[in-house]
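Colleague: Feature list, courtesy of Swiss-Prot:
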BINDING   Gly21, Cys22, Asp23, Gly24, Ser25, Gly26, Lys27, Ser28  ATP binding site
Amino acid sequence: MNQRNMSIINSTPVRVIAIVGCDGSGKSTLTASLVNELAARMPTEHIYLGQSSGRIGEWISQLPVIGAPFGRYLRSKAAHVHEKPSTPPGNITALVIYLLSCWRAYKFRKMLCKSQQGFLLITDRYPQVEVPGFRFDGPQLAKTTGGNGWIKMLRQRELKLYQWMASYLPVLLIRLGIDEQTAFARKPDHQLAALQEKIAVTPQLTFNGAKILELDGRHPADEILQASLRAIHAALS
């Protein structure tokens, strides 16, 4: 086990059903269906645990005057960090990345509070600390090396955020498998290389030993839903 995934695991799983998988695997469809089915039986809510960089980038792009160029700047810098991790990010880029991780941690803390109140949370995505990079819901700055003291401090603080989040195991994690042809057919606006990378990495993640249900995202949606419901009822009983 390398230093990144050395996190203290909380002994009791939280009342969370996490849905993970490559884009195009059917996460959003399954998440919505599970919330609709389970909300009639128990307090159930959905929460998106991605870092929301795309949505935030869209919001920034809509700001008057500086919005569009600044939005393009942030997207290009984020892409640069992913494609050239050996080059340390600049101070502003590192801060933006760190704040995006703080936003994910804020949503995660909100999820924990809801869970303690008796809600069942259905999450689209789940943070992990085994493989760095927002693409895999891991710490983004951990992909980079070097940099000044400010960047090194942000990198360490971000890593601690992900170690903290990864220490909480969901009661069940549903992983949807998919092949690259199907994923690209469903998400033609995504880069094929990015989909291929997610398809290669996601099945290798252990999520700190969480209970994982493996399902084929190419199967009919209702078949996936019913298999998920059976596993959820077993996990909660």
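Cβ from N, Cα, C; glycine included.
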Colleague: Which residues, same chain and not among Gly21, Cys22, Asp23, Gly24, Ser25, Gly26, Lys27, Ser28, have a CB within 8 angstroms of the centroid of the CB atoms at the recorded ATP site?
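Modeller: Apart from Gly21, Cys22, Asp23, Gly24, Ser25, Gly26, Lys27, Ser28, the close residues are Leu176, Ile178, Ala183, Arg186, Lys187, Gly217.
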Colleague: Would you say which of the binding-site residues Ser25, Ser28 has the most Cβ atoms within 10 Å of its own Cβ?
Modeller: Ser25
Colleague: Around Gly26 (ATP binding site), how many other C-beta atoms are within 10 angstroms of its C-beta?
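Modeller: Gly26 (ATP binding site): 25 neighbouring Cβ atoms within 10 Å.
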Colleague: Other than its own, how many Cβ atoms are within 10 Å of the Cβ belonging to Gly24 (ATP binding site)?
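Modeller: For Gly24 (ATP binding site), the 10 Å Cβ neighbour count is 24.
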Colleague: For Gly21 (ATP binding site), which DSSP three-state class applies?
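Modeller: Once the DSSP labels are grouped into three classes, Gly21 (ATP binding site) ends up as strand.
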Colleague: Would you please pick out, from the binding-site residues Gly21, Cys22, Asp23, Lys27, the one with the fewest other Cβ atoms within 10 Å of its Cβ?
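Modeller: If we count Cβ atoms within 10 Å for the binding-site residues Gly21, Cys22, Asp23, Lys27, the smallest count is at Asp23.
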Colleague: Kindly assign Gly26 (ATP binding site) to one of the three DSSP-derived states: helix, strand or coil.
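Modeller: The residue in question, Gly26 (ATP binding site), is coil (DSSP, three-state).
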